[in-house]
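Encoded as structure tokens, the structure appears first; notes follow it.
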Amino acid sequence: MSSPTKLTAWQKLTEHKQEMASVSMKSLFEADPKRAEKYTTQAAGWTLDYAKNRANEKTLSLLTDLAKEAGLESAIKGMFSGAHINNTEDRSVLHIALRASQAQETLMVDGVNVLAEVRATLKQMEAFVTQLHNGEWKGYTGKRITDVISIGIGGSYLGPKVVAEALTPYKKDGIKVHFVANIDGSDITGKLKLVNPETTVFVISSKTFGTLETLSNANAARDWFLSNGGSQSDVSKHFAAVSSNVKKAVDFGMAEENIFPMWDWVGGRYSLWSAIGLPVAIAVGMDNFYELLDGAHQMDEHFRTTPFEENLPVIMGTLGVWYINFHNAQTHALIPYDHYLRAMPAHIQQLDMESNGKSTLLNGDGVETDTGPIIWGGAGTNGQHAYHQLLHQGTRLVPVDFIVPLASHNPIGEHHAQLFANCLSQSQALMVGKTLEQAQQELRDAGASPDQVEAIAPHKVIKGNRPSNTLLTDKMTPATVGALIALYEHRTFVQGTIWGINSFDQWGVELGKVLGTDIYNRLVSDSDNSALDASTQALIKAFKKAQA
């Protein structure tokens, strides 16, 4: 695909942006009493209210045209059929197969029925989880397992950790699940202080069983185990792996039956639905893990079959393109008004930025427009006392997604009503703002003098007309959490398709790994560093001096 800027719909949107320059969202609501009803749609347990956007019917029609002209319909068919849409690695992209309906028996990719492999892995996971929870799996001293430490990084860490945290109300008694990712020794040291080697199982997640951070932490965990009473022959009772490199995992000390597969057609940031999600299944049980998969599948089917005009991922994805490419928005904020979802922005940050942080088109040419935005955010209402000031009065346009359940798992007094009120008030305030006249009258009503009114009122002006979406669900459940994450996966795919980039490789990450290994070797040796830049040389010298 060539640059999307050459598409007819893109050029029409460029003209339309000028038409919309002086249009306020308030005026759009005033002109259409049914706007809220028209700009609300539902799928997989979620309701999307996108009425508070700088968009009218013409905007949305042009955005739909853009998606179609960019080939989104064929791209969706390609992904769901197993086509090699990851062109730089010549791979299928089949995270959707990990949560396919049980009614679907086959999905052939390169001569292999991948659904058979997925179902076999789920049964393997189920047996593992059952043994842990019923006490059949025992440690080397015969005691029941009480703790599981998951060791991974990136998609092998963020997704499972975020989902396990989001499903806190569904956690099973008896086993606590902990997560380790950072190669900073403080991370694993802190977790090991919480557990007993006799009753702890480690799950090591690494496709190659060679990821630097993960393998370093796995070795540290094994060393700790061996120095606290365990023997090498006991390692198989306390270590399992999710990896495609069975030999390396066996050499580490694991039993082959406790090594779970990974596949090339699943990228790390899309892998929580696979055996990478084993820590989630241990935390909440396989019944809830299946519900998680089912919720994601419901969103998959919505995305695959629903007309673009009513399609949640398409609507959210194209609106994002509208702001990034036609309003110069450089970031996008996710603000969940649910304590258990507080870490979700970090997962979506990886999902989106690793997928769409690209500057090369599928055909090898350089892009001619902005691609992936910076994704950030945090829990409401905490953010209101931190960064919301910039959202309301800052100079940069930041589209916002508010995510909130209608009911809480912990109904205490008026807490949830207050939480919900804050969420709605923030979206409303972003839209309506405060005029100079309103600020002046507010000050007069408070008894301010004319001089004070003149001096202070300009500082209280809030321009408004800042866009936001609101996502509602009845309650955060395994199914709705699954659907929510799948929604953002598909939203990311929509945008990548429109921009004409590959959302499923990550060559920038790979470069960092290579250079990291090179620098490490220089830190621990007396190699000649004269070919390096002066800054890197000085930093290496500082490290060596500190270690002397």
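Backbone N, Cα and C atoms are what each Cβ position is placed from, and that goes for glycine too.
Feature annotations, reproduced from Swiss-Prot:
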ACT_SITE  GLU354  active site, proton donor
ACT_SITE  HIS385  active site
ACT_SITE  LYS513  active site
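This view paints the features noted in Swiss-Prot onto the structure.
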{"residue": "GLU354", "record": "active site, proton donor", "DSSP class": "helix"}
{"residue": "HIS385", "record": "active site", "DSSP class": "helix"}
{"residue": "LYS513", "record": "active site", "DSSP class": "helix"}
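Sparsest Cβ environment among the active-site residues HIS385, LYS513 (other Cβ atoms counted within 10 Å): HIS385. Sequence-distant neighbours of GLU354 (active site, proton donor) (same chain, 6+ residues apart, CB-CB distance under 8 A): GLY154, ARG269, GLN506, VAL509. Recorded residues HIS385 (active site) and LYS513 (active site) have their alpha carbons 37 Å apart, per Cα-Cα distance.
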